[in-house]
Amino acid sequence: MRVTAANQHQYDTDLLETLAQRVMVGDGAMGTQLQDAELTLDDFRGLEGCNEILNETRPDVLETIHRRYFEAGADLVETNTFGCNLSNLGDYDIADKIRDLSQRGTVIARRVADELTTPDHKRYVLGSMGPGTKLPTLGHTEYRVVRDAYTESALGMLDGGADAVLVETCQDLLQLKAAVLGSRRAMTQAGRHIPVFVHVTVETTGTMLLGSEIGAALAAVEPLGVDMIGLNCATGPAEMSEHLRHLSKHARIPVSVMPNAGLPVLGAKGAEYPLQPDELAEALAGFIAEFGLSLVGGCCGTTPDHIREVAAAVARCNDGTVPRGERHVTYEPSVSSLYTAIPFAQKPSVLMIGERTNANGSKVFREAMIAEDYQKCLDIAKDQTRGGAHLLDLCVDYVGRNGVADMKALAGRLATVSTLPIMLDSTEIPVLQAGLEHLGGRCVINSVNYEDGDGPESRFVKTMELVAEHGAAVVALTIDEQGQARTVEKKVEVAERLINDITSNWGVDKSAILIDCLTFTIATGQEESRKDGIETIDAIRELKKRHPAVQTTLGLSNISFGLNPSARQVLNSVFLHECQEAGLDSAIVHASKILPINRIPEEQRQAALDLVYDRRREGYDPLQKLMWLFKGVSSPSSKETREAELAKLPLFDRLAQRIVDGERNGLDVDLDEAMTQKPPLAIINENLLDGMKTVGELFGSGQMQLPFVLQSAEVMKAAVAYLEPHMEKSDCDFGKGLAKGRIVLATVKGDVHDIGKNLVDIILSNNGYEVVNLGIKQPITNILEVAEDKSADVVGMSGLLVKSTVIMKENLEEMNTRGVAEKFPVLLGGAALTRSYVENDLAEVYEGEVHYARDAFEGLKLMDTIMSAKRGEALAPGSPESLAAEADRNKETERKARHERSKRIAVQRKAAEEPVEVPERSDVPSDVEVPAPPFWGSRIIKGLAVADYTGFLDERALFLGQWGLRGVRGGAGPSYEDLVQTEGRPRLRYWLDRLSTYGVLAYAAVVYGYFPAVSEDNDIVVLAEPRPDAEQRYRFTFPRQQRGRFLCIADFIRSRDLATERSEVDVLPFQLVTMGQPIADFVGELFVSNSYRDYLEVHGIGVQLTEALAEYWHRRIREELKFSGNRTMSADDPEAVEDYFKLGYRGARFAFGYGACPDLEDRIKMMELLQPERIGVTISEELQLHPEQSTDAFVLHHPAAKYFNV
């Protein structure tokens, strides 16, 4: 066990030794048994519902319950003290009895435990501490009040003889900390130390009540020195598995679980718990085998009968009949907010610690704090989050201010508002303490040093007392009694002293120490400061070489003090890069002000490097060079500079530029001024639409990315909405698009995808067209009815599925039949379409005009051309538009000629082909070992931690494919890599934080299973039982290639003949994953509210998170499938995540409707096998999954299985 300041004492019990030797069994529910005890109101002394008073009035009843659980096989029972806390007993006006009732309850359990203890079977008592009814994080009560009440309760338990304290059903991390530290204080007072166990409660939403992910709970709890962590209450075992998996994989202490007997259902007697004793025992035995648990038991709805079955199952684990899983812990040193954990390691980058929430470093923050404008302070914190910070440095120290009051006000608010952990930065011990008492997550303390020594009254000792008690991480500055260390040797010497002191005397892990090697400005020109940059870099390198587990950090911006803002930005960025190369782990910095190294002009970068490394030479001083390069240059990224540039433009040019820039600030003022000079409709047609035209040109030339296009459309929409109330009624028709034309848009029947169609809607409607957006799954009948009713000029159809291309062809044929082809030109778009298919094949089918629109701006161009022709507007000969139209016509003529030539060649080749004999089976090896599945049938998984599967998110698919972040060609603008750093990853981090906080990502779920199967020719047969002669449940038929290797999916499953010969069938896994309906609803709300860029980004995240979850679960299946010798299928997995996207693992995952398995009807059979309605997924008549962010597949384990087409 890890030694910390909290647990370096000797325990007065052998409980932990017993836990290390075998799996132990806890008891079940107390409340359920009390309800069956036929107690009267007199038994409760009129305090109905106060179970703790029974410790005084009916100890006999409690003794009986404890005895039943022990006799059922429990090793430990919990005391009847769950509500012995200030809020519960305070509600009955008996808060003064906390210690007394805690002692009485413990004595009762102790008496029964001692009575039933034998030499072969010792019985133990856990002192139960519940959460109470008031949550300190939400300000219901104060931390110290809660902590002190828990101290009283723990003193009673120690007096009564408890073997350990169990802090259970924790809903608030700050309440949890109060209970743990209150218990530790009681042990110090009593002079008796016992272990402390913690059980957190994760709701069906996948987080604790206040939104904490399991990773946040672990990061906050483990450093407090607790001896075991686990889960209890709220759900049954099925909903707990993923959270247990996280604890098993990452906790360095024992893990336990006490689930409810399932989720309650409404029965004849009210709410009932459905899980039967054998079902609970089976689930817990599975957890022991999979997660290596140390303690299992039951919570609500469980009885002695449940515990009897559990004890029997655990006995089989302990005697080796059933294997107990081995835990392979991957420790990730982290800090946490209330909501999420942030690892110190942020490779390949560094941990960015936002510096703007600092009263000494930010004038704006300081003034807001002094004015008690806390909302502005919080907005600054949010800006740091959006800017890419991982932590927030919070400093309220300012002369003349009450730092404790300021810290309480800000830390208390940030606790619930910020998803980022907090670094508490103060020289005042009471201020640091106030922060720690308002933040339940694991904080960083900034900082300690030896400036006034390390004596008992030194600030070092006083600060470390807080660090050790609260389990915080700590920044340690290389300062000793002689002052700040400036040379490599001195920095390393002081760092060694700090590391040895903090680990040996305070029990803090090396991984929780952030050594600041200090940096000083190198911009003064003074000789003694010229080498300071080199000394810091070399000290970091040497320190990481000696102590790789120790974190390193820097207050980065000190290096550039004295330079102008733009020069500072460059020097800070270059210095950070050099420090990072030397091993720097984190930096206190304004993250959005750091430039990617490849975006800094070479001359500036070289001057900064020369300054850092003091490369002066005759006639060359890099400091002077850098100052000369930035003379009179202000920071190009500052808002103030951009506003000043806009202000210089003429009014109407400025309005158009605001559209191009997507800049809404100042828009209303400009529009008001513009309306004094021309009518609103003229402003729209002559100026705002000019801006949108420029946006289209920039997008078409690759100089503007799709997210910024949508930002421009948002501003256009806002401008039109602002002008509409000032228009004449007839002019308001612009809002309906009558000035330019009308299009009816729809996603075709059977297709639920609408992102592309909605982007077309956004671009067309903000360029003067009326768009009638019918939504998804629209039959042609409805499309044409609306087109006729609205007198549409054009019909637009979209679809993502391959099947949708067939539907589009059928729709065009129907339009021919109805005689409307000449009336309605048609625009077609969608991922499955190609230009060739539309302009050649479909153009032959349709009797009117049909056009392919690759994207929204091509759709706009086509609309302009169609409407110009309808209005009889001829293009001026020789004009750019006329020349472009002529070029398009020539290209179309060439394409059609090529198409006709290709068709003739294809017909000739087919006629010349000789018949090929297709074999019954391909050359795929049939004699491969079949892995053993962990179970047969299906299981559901809920409550998945977002952090578990975001590692499988394909960034390139998101940033390039979904968001359209494309670098500018020819070096005339940011590259794709630049955009990833400046836009992609910061926006992704922002959205993941925001969506997690809103609870939108809490509904991710999986249903998956393993099914016995054999192959017969081109069929895979799923069997009712894992026997070759078992009955058929379902049969899937797949096509076979007619040339080449003659592959068929059935070839990758063991044949029935071989299965019969070996008496062993094959295994066919199926999986279905979903992100749930809330993210789809959230996306829809963004579209309706005209938040176009947000709409694009969140939709893309939803799609790619679904794919990430599918990839993650596919890996889980490979981990669970084991071959002889206990070798898992995942042993062949690649190390790099990127290789997963290149299928760099064994086997493959196939989805019906694509490639080698084109029959989408087979999805019905898979749905019947998996029953995904249990996780909220249904299938439509068109065989589409709902919610949209869902995907399904079957998995082939065969090593030769790869994707192929038929």
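Just so it is clear, glycine is given a Cβ too, placed from its N, Cα and C backbone atoms.
Features as listed in Swiss-Prot:
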| type | residues | note |
| --- | --- | --- |
| DOMAIN | 1-314 | domain 'Hcy-binding' |
| BINDING | CYS233, CYS299, CYS300 | Zn(2+) binding site |
| DOMAIN | 350-609 | domain 'Pterin-binding' |
| BINDING | GLY750, ASP751, VAL752, HIS753, ASP754, SER798, ALA856 | methylcob(III)alamin binding site |
| COMPBIAS | 898-907 | compositional bias 'Basic residues' |
| DOMAIN | 907-1206 | domain 'AdoMet activation' |
| BINDING | ASP954, ARG1149, TYR1203, PHE1204 | S-adenosyl-L-methionine binding site |
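Positions of the features from Swiss-Prot, shown on the structure.
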residue : record                               : contacts (Cβ under 8 Å, 6+ apart)
CYS233  : Zn(2+) binding site                  : GLU168, THR169, HIS199, THR201, MET258, PRO259, ASN260, CYS299, CYS300
GLY750  : methylcob(III)alamin binding site    : LYS777, LEU801, LYS803, SER804, ILE807, SER1180, GLU1182, LEU1183, GLN1184
ASP751  : methylcob(III)alamin binding site    : ILE776, LYS777, SER798, GLY799, LEU800, LEU801, LYS803, SER804, ILE807, GLU1182, GLN1184
VAL752  : methylcob(III)alamin binding site    : ILE776, LYS777, SER1180, GLN1184, HIS1186, GLU1188
HIS753  : methylcob(III)alamin binding site    : THR747, ILE776, SER798, GLY799, LEU800, LEU801, GLY830, GLU1188
ASP754  : methylcob(III)alamin binding site    : THR747, GLY775, ILE776, SER798
ARG1149 : S-adenosyl-L-methionine binding site : GLN1071, ALA1110, HIS1114, ALA1193, PHE1194, VAL1195, LEU1196
Original post:
What same-chain residues, at least 6 away in sequence, bring their CB to under 8 Å of the CB of ASP954 (S-adenosyl-L-methionine binding site)?
Top reply: GLN1104, GLU1107, ALA1108, PHE1141
Original post:
In this predicted model, what is the average pLDDT of the domain 'Pterin-binding' (350-609)?
Top reply: 93
Subject >> Local Cβ density at PHE1204 (S-adenosyl-L-methionine binding site) - other Cβ atoms counted within 10 Å >> reply: 15
Subject >> Spatial neighbours, same chain, of TYR1203 (S-adenosyl-L-methionine binding site) - Cβ under 8 Å, 6+ residues apart >> reply: LEU1143, ALA1148, PHE1150, GLY1155, ALA1156
Original post:
Taking the center of the Cβ atoms of CYS233, CYS299, CYS300 at the recorded Zn(2+) site, which other residues in this chain have a Cβ no more than 8 Å from that point?
Top reply: ALA29, THR169, THR201, ASN232, ALA234, MET258, PRO259, ASN260, GLY298, GLY301, THR302
Original post:
Hey, does DSSP put ALA856 (methylcob(III)alamin binding site) in a helix, a strand, or just coil?
Top reply: helix
**OP:** To the nearest whole angstrom, state the Cα distance for the pair ALA856 (methylcob(III)alamin binding site) and PHE1204 (S-adenosyl-L-methionine binding site).
**Re:** 32
Original post:
Near SER798 (methylcob(III)alamin binding site), how many other Cβ atoms are within 10 Å of its Cβ?
Top reply: 29
Subject >> Site extent for S-adenosyl-L-methionine (largest Cα pair distance over ASP954, ARG1149, TYR1203, PHE1204, Å) >> reply: 22
Original post:
Taking the binding-site residues one at a time (CYS299, CYS300, ALA856), which has its Cβ surrounded by the most other Cβ atoms within 10 Å?
Top reply: CYS299
